[in-house]
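Visitor: Per TrEMBL, the features are:
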DOMAIN    134-188  domain 'PAS'
REGION    268-305  region 'Disordered'
COMPBIAS  270-281  compositional bias 'Basic and acidic residues'
COMPBIAS  284-294  compositional bias 'Low complexity'
DOMAIN    401-740  domain 'PDEase'
ACT_SITE  His477  active site, proton donor
BINDING   His477, Asn478, Ser479, Thr480, His481, Asp518, Asp646, Gln698  AMP binding site
BINDING   His481, His517, Asp518, Asp646  Zn(2+) 1 binding site
BINDING   Asp518  Zn(2+) 2 binding site
Amino acid sequence: QVLLVFAEEDEQSNGFRWACDKAGFRCNLARTPQSALECFLDKHHDIIIIDHRHSRYFDAEALCRSIRTMKASENTVIICVVQRHTDREESSILPLISAGFTRRYVENSSRMACYNELIQLEFGQVQAQFKLRACNSLFTALEKSQEAIEITSEDHVIQYVNPAFETMMGYQIGELIEKELTEVPIYEKKADFLDTINSCIKIGKEWQGMYYAKKKNGDSIQQNVKILPVIGQGGKIRHYVSISRLCNDNNKVEKTCECIQAESQTDTQTCRHKDMRKGSLDVRSTTSRGSDGSSQRRRSSMARVHSMTIEAPITKVINIINAAQESSPMPVAEALDRALEILRTTELYSPQLGTKDEDPHTSDLVGGLMTDGLRRLSGNEYILSAKQTHQVAGSLSSPISLNDIPPRITQAMENEEQWDFDIFELEAATHKRPLVYLGLKIFARFGICEFLNCSESTLRSWLQVIEANYHSSNSYHNSTHSADVLHATAYFLSKERVKQTLDPIDEVAALIAATVHDVDHPGRTNSFLCNAGSELAILYNDTAVLESHHAALAFQLTTRDGKCNIFKNMERNEYRTLRQVIIDMVLATEMTKHFEHVNKFVNSINKPLAALEENGNNGDGESIKTVLRSPENRILIKRMLIKCADISNPCRPREQCIEWAGRISEEYFAQTDEERRQGLPVVMPVFDRNTCSIPKSQLSFIDYFIIDMFDAWDAFADLPNLMEHLNNNIKYWKGLDGRNLRVLRPPP
C-alpha cells in the first residue's frame, strides 16, 4: 500500500498515481499532514511519498518526524520528493535522514520514472522491511525458548541474550549488550580446550560439547553447549550463536567435543552432473564406516533440527569428504569439490550424454528407454487397444495337461535346461503360444505348484490367462519374449552361486515375475505413452508407466477368478511377501534405473566378493554367506537376475540374437511411424525404417547397456557360454557395420 502526501495535484502526483495502478499497488492520497496521519493510522502503508518541494503548504520533515513517532511506522519506507536544481551545488541528504526519511526522489514526472522508482522500492527497501517484520516472530520464539541463547558478533561482542540466558547466568540484558565476551567458554581452564573450540568455530564449523561457565555471583555451572558460526555477507562468519542447557546429575553428557560442518556453508549449491558409466560410486561401503560413532553423536546432540538430514547416507558421505578436504593439498581439495558436485545431483547412476560427438543411436536409445517422454506437443490421446477388455479364465478354451503335450512341442522343449535352447522353434510348434507349454514344464521342474499349494489345472489356467493378455500383434513384446525371459530366469536360478543366495520363495517370485513382466505391453515405450497422454501414463503419473501396469494387471488377472488364482491357498503373510518380491522384480525391468541397479550390484556384491577372494578367504563360507544372504543384497541379486534375463538377447546364439534384433527394430520402426502420423515427438529418430542401421543400433545398445551389466553378472554367476556368444555377436554386428550394411544379414 502506498500513501501519497501532495498538497496539490500536479504532474508528479499524477505520475505516482499512474505508477501505483500499473504496479498493482493500493494507493491513497492525502492533501494535509493531519489527513496523512489519520490515513496512515488506519491503513499502515508500506510506502509513504511526501512532497518536499513546496514548504509553503506544509513542513515535510516535521510530518515525517510525526509519522516516525508511531510504532506502526517502524517498518515503513518514507520517500521525500525534492526539487530538481541545476543551478546550484547538490545539497546534503543528512537532514532528510535525520527527519526519518528512507531516501529521496528528485522530481521527475515521467510516468515510467515513477513506476521504476516504486518497483525498485518494492524489491529493495520494502522487501527488506518485510524480512525485518518477520524477525519479530523469530525473536518471540527466542524469548520463549527454554534454552539459553547468546548471539555475538564476529568480534565476540554480545548482541543479544534471551530471558533463559539471563536466568541461567544471573545477568540482566542491559549488563551484557554491546560488551565484549570476556567470559569465554572454560572447561577445567585448559588452554588446549579453548583452542579446540576456537579452531572449530573460526573456520565455519559448529562446536558441541560441555564446559563450565561462571555466573554473575561467581558460581560455576556445567553446561551442554553448541556454538554455531553464522555465515553472512561475503561468505564470512558474521555472528556466533551459542545454545546452552544446564547439565544435571540425571542427564550427564559425555565429556567430548565435536566438529560438525555448518549446514549454511554447503546446502545452497546444487549441480546436475551425471556420473560416467565406468566410474561407479561405492556409496554403501563408504557410508558403513563410522556409522556407530555417528549414531552416538546424534544421540548426544541437544538440537536435533537436522537429524533427519544427518541420517541420510549421502549426507554422511558428503560430511566425510568435507572433513577430508581440510587437511588435503589444493589439487586434492579441488578434486573432492568436483566429487561433491557429483554427489549432490539426483542422477548419480546415469552416464553423461550430449557431447557433439555422441553416437546418435546411443542418444536415441537412452532418450527412448530411460526417460518418461517430452512435453506433449499435440492434443492426440493414445489409448491402449487392450484397454477395452482383458482375457479372463472363463473366456479361454480348456488348457492342455502337461501329460497331453503334442510330441512336436515335447521335442522342441527337450533341451530347455540349456542356454542354447531355441525359443523360436517352440514358438512355431505351439502356433505362438510358447508361454503355456514352457511355463508348465519349468514350473513343474521348480515345484511351483507344491510351494503355492495349488493344482496343476489352476496353474495351467493362470498361464493361459497371462499368455492371452500378451499382444501377439507385437513383433517383440509378445508371449514369446515372456517365455524367453522365463527360460533365462530359470537358467540363472540353476547356477550354483544363485542357488546359494536365494530362498524357495525368491525362486517362485522370480519365475512368476518373468512370466508376467510385460503382460499387456502395447508395443510402445514409456516415452511414447507419456507424450501421447495415454490413460496409463495419466494413471501412473508418467512414472514407470508400463512396469507399474504389468505388475498391477498381473495380480488383477490372477485374483479376479478362482480358476486361475495360483495364490488362493497361500498363508496371508507369505502371500504378501511373495507379492512384494514379484512387484519389485517387475519394476526393476524399467530402464530409467538401469545404472543404479548395476552399480549397486557391483559395489555391494561384486567388489566385496572379489575382496574376499583377494584376501585368501575363498573357502571362508561364512564371509561369503554374509555378503550373499543379507536382505539388501538378495534384493539386488533378484533385480539383477531379471534385468539380465529381460535383455539377454545379445548373449543368445547368433541366429536367435539376429531374430530378436529384427523384432525389436520393427517395433521401434512402427512406433516412429505412429509418432509421425499423430504429430507426437519422435523419441528415437534413428529408428526410421528407411534409414536405420540395425548393426549400429545393436552395437550402441550392447556397448551402453549390456557389456558392463553382463560382466558383473558373469563375475557373480559364472556364465562363460553367454559371454562367448556376446563377443561373437559383437564381432558379427561390427562386421556388418564395417561394410556399411544397415540390414540384419549380409547379402547372399
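Residue positions begin at 1 at the first shown residue.
Using N, Cα and C of the backbone, Cβ positions are placed for all residues, glycine too.
For each listed feature, how buried is it and what is near it?
Guide: Same-chain residues at least 6 positions away in sequence with a Cβ under 8 Å from that of Asn478 (AMP binding site) are, in sequence order, Lys432, Tyr470, His471, Ser472.
Around Asp518 (AMP binding site), the same-chain residues at least 6 positions away in sequence with a Cβ under 8 Å from its Cβ are Tyr470, His477, His481, Ser482, Val485, Leu546, His550, Thr589.
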Visitor: Just to be sure I understand the packing, how many Cβ atoms besides its own are within 10 Å of the Cβ of His477 (active site, proton donor)?
Guide: 21
Visitor: If you measure Gln698 (AMP binding site) to His517 (Zn(2+) 1 binding site) at Cα, how many Å is it?
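Guide: Their Cα atoms are separated by 23 Å.
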Visitor: Mean pLDDT over the domain 'PAS' (134-188): what is the value?
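Guide: Taking every residue in the domain 'PAS' (134-188) and averaging pLDDT yields 80.
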Visitor: To the nearest Å, how far is the Cα of Thr480 (AMP binding site) from the Cα of His517 (Zn(2+) 1 binding site)?
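Guide: Cα-Cα distance, Thr480 (AMP binding site) to His517 (Zn(2+) 1 binding site): 12 Å.
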Visitor: Taking only the Cα atoms, work out how far Ser479 (AMP binding site) lies from His517 (Zn(2+) 1 binding site), in Å, as a whole number.
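Guide: Distance between the two Cα atoms comes out at 10 Å.
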Visitor: Whole-number Å distance between the CA of His517 (Zn(2+) 1 binding site) and the CA of Asp646 (AMP binding site)?
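Guide: Spelling it out, the Cα of His517 (Zn(2+) 1 binding site) and the Cα of Asp646 (AMP binding site) are 9 Å apart.
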Visitor: Using the Cβ center of His481, His517, Asp518, Asp646 as the Zn(2+) 1 site position, which other residues in that chain lie within 8 Å, going by their Cβ?
Guide: His477, Ser482, Val485, Ala514, His521, Thr589
